[in-house]
Ligand SMILES: N[C@@H](CCC(=O)N[C@@H](CS)C(=O)NCC(=O)O)C(=O)O
């Protein structure tokens, strides 16, 4: 038994030729196990016993390895006895109900509003996950490997498979941890299908609604946060202009809430998570950037939504500490202003 497990680990930890060798060794070992099961229902014979528990991991981990490093180990043709045993063994309630949770890890920073969307979604779905905090000034090799293009957080790693971009991750979470327990591969396919749909929808159009810029452009273009961010980092003359753009974007959002408690209607959903940062970060930008955006007269619906949204327990319990955020964003503003001043001096 002790001989069977190591090559499996090696398959995950190695690459290229080493991985090929580990796979061969693992398959050789599996063939011995296959032989041992010939003509038997379970390892001990007709009923299951200690040996089945000892080999129980074989009913689960080859699937994880397939998903994590794309290596197929237990195919039905080569291992008919093992595959049949796996079905029988996995069917016992005591086994079925006690498999470890699927492995979910978020690479994030404590203050990222994009990462927070993912935290909320996982909490709302009741999914256990691990958190790896990144230092964005010194990005880990994992972050560079899993998000090689943008090198940004959040990244969700699900059974070793990386998913990037917070809105894509939200959709993936919704597809994966639904009532029916969607299969991971199918969930990923669905997310890609939906992205293709968005792409199709945009064909030949300037904006989502045609010629005029609208709400969906804000959602998919991630445009509100940058405009608010710009208003918060800008100074003097530039500030009024930046503020004007942020307010225009917020006007579009306000209109979406007419007659609704949440963006999605009576209950909250994807869009509420997407715009969730407005309920908390926007106030921090206002406070640390010396701007007022959300006044009662102009944005009564956003302010009402903010109350409704913030009162959802999973949201309320998972905001970063306000004082810490204020300190961070105050420093960040100073940094941006000094960089802009240095640029002006150089040019
Ligand atoms: N569109 C991305 C934005 C993510 C993002 O901007 N993350 C920031 C932290 S809040 C980051 O990782 N910045 C690092 C960098 O730009 O190098 C998403 O929605 O996931």
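Placed from the backbone N, Cα and C atoms, the Cβ positions cover glycine too.
Look at TrEMBL and you will find 1-122 (among others) tagged as domain 'GST C-terminal'.
What TrEMBL lists as domain 'GST N-terminal' is 102-181. Sorting the domain 'GST N-terminal' (102-181) by DSSP state (H, G, I as helix; E, B as strand; all else coil) yields 30 helix, 17 strand, 33 coil.
Taken from TrEMBL, the feature domain 'GST C-terminal' covers 197-329 (among others).
Residues in the domain 'GST C-terminal' (197-329) partition by DSSP class (helix H, G, I; strand E, B; coil) as 85 helix, 4 strand, 44 coil. Confidence annotation: the domain 'GST C-terminal' (197-329) carries a mean pLDDT of 86 in the model.
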